[in-house]
Amino acid sequence: MYRKLFTNATIRYYLLGGGISKLGDVLSAMAFLFLAYEITGSKILTTGMAIAETVPYLLFGLVGGVVADWVKKKRLLILLDVIRVPLVASIVIFYYAGLLGYVHLLIVSFLIQTIGCFFNPTHRAVLPLITDEENRTVVNSMNDTLQRGVTVVSPFISVWLLTSYGAIHFFTVDALTYMISALCFLKVQVKESKYPGKRSIKGAWLSIVSFRKWACENITIRTLFLFTFLIVFLNTWVWEVGLLLALSEMTTKSEEMYSIIQGIFGAVVIGTNLVIPLVFKRMNLAIYMVGSFIWGAGVLYYGLWYELEHFFIGAVFVGIGIPIAGLARVYLLQTIVPNDQLGRGFSTNAVLLYLANTLSLALFGILSSFIPIQTIMIVSGVSMTTVSAGYLVMMNTNLRRRLTVQFFK
């Protein structure tokens, strides 16, 4: 099944391009945090760097989806990868010139993520154009395996770079990944229809409004967006920042341990992604909630058993839950949202994700100044499991009630 699809050159280069580009994103995300903490030694400023990676999606996320629906997607993907090369290379140049500071890191991080506002919905919107519905779950699984699975490769690269050359050369590798990604997208063959409407600022606004109206009227998409926001809000700080800060209190090699945990997480994600298409040919909202519950259980576990070895075990649960929820969300968007609105669908999803990320980083970052990290982790884990389990119970109760009514009719 997997081999047959991977022999398709278009699908193969599409997946490789996305996976390699994602490797650059993962390495740069870690490098920005590592360098910010090395330069400033401040928890608040390190959290500020993490926030800088989310704010662009709040400002330009919806516009990115509109542009993805308007232009030739393949051409846009190549252009965006090429633009990222000099941006990340500038950090290396400034470093060796003795000019690298926190502000420069902040600006480049902001620009890289702004590009991501256009790249990510465009990349996701290409997949339905090169697959049929029957194979979509499998290709989604392969795509998610490669994109999330780079977290297995990136920790080994990061540990090697940290011990041999320093965090600065994360960005050297980033530049190479973006160049290779652009070459892969050149090989993708996709039939794209020309956008029939007018392209204007007013048209962009009307496109956003029309999709918002459609999404609010579709109960499945509306519910999916709401719970996605809640779950991600509760998870972001404890996983991205809280985990790193907790490790820094336990060991002098916190960056290496953080990278290894991310590697274990990535390995579990790969295994889960490979199994999911064998179990589920089609996915629904209930499956999304089950994934969210397992995800939250992992956060709760390493919050309750707040020791180094238990962070590894908790990462396993998180690595099982996230791909289940993630693939279910992507499948629902690809099958329910009309093809001519897919860019807006994925950009709206991204805006909600990054709004949740930003609020999570800001709120919990402030709370971490006077509330123990362990307490924040426990509260987040309890909330995630309660929200997802509560919806499943409510949905099951409503189903039984409807069946009972039908039985007595």
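These residue numbers are counts, starting from 1, taken along the chain as shown.
Glycine is no exception: its Cβ is also placed from the backbone N, Cα and C atoms.
TrEMBL entries are annotated by machine, without manual review.
Listed ranges 49-71, 164-186; the one TrEMBL annotates as transmembrane segment is 49-71. When the ranges 93-113, 219-239 are checked against TrEMBL, the one recorded as transmembrane segment is 219-239. With Cβ pairs under 8 Å as the measure, the transmembrane segment (352-370) is packed most heavily against 219-239, out of 12-37, 219-239, 259-280, 376-394. Packing against the transmembrane segment (285-305) from elsewhere in the chain are residues 220, 223-224, 227, 231, 234-235, 238-239, 243, 311, 313-326, 328-329, 332, 374, 376-378, 380-385, 387-389, 391-392, 395: each is 6 or more residues past its ends and has a CB under 8 Å from a CB in it. Cβ atoms under 8 Å from those of the transmembrane segment (219-239) belong to residues 47, 285, 288-289, 292, 295-296, 299, 303, 318, 325, 329, 332-333, 336-337, 345, 348-349, 352-353, 355-357, 359-361, 363-365, 368, 373, 376-377, 380-381, 383-384, 387-388, 391 of the same chain, restricted to positions at least 6 beyond its ends.
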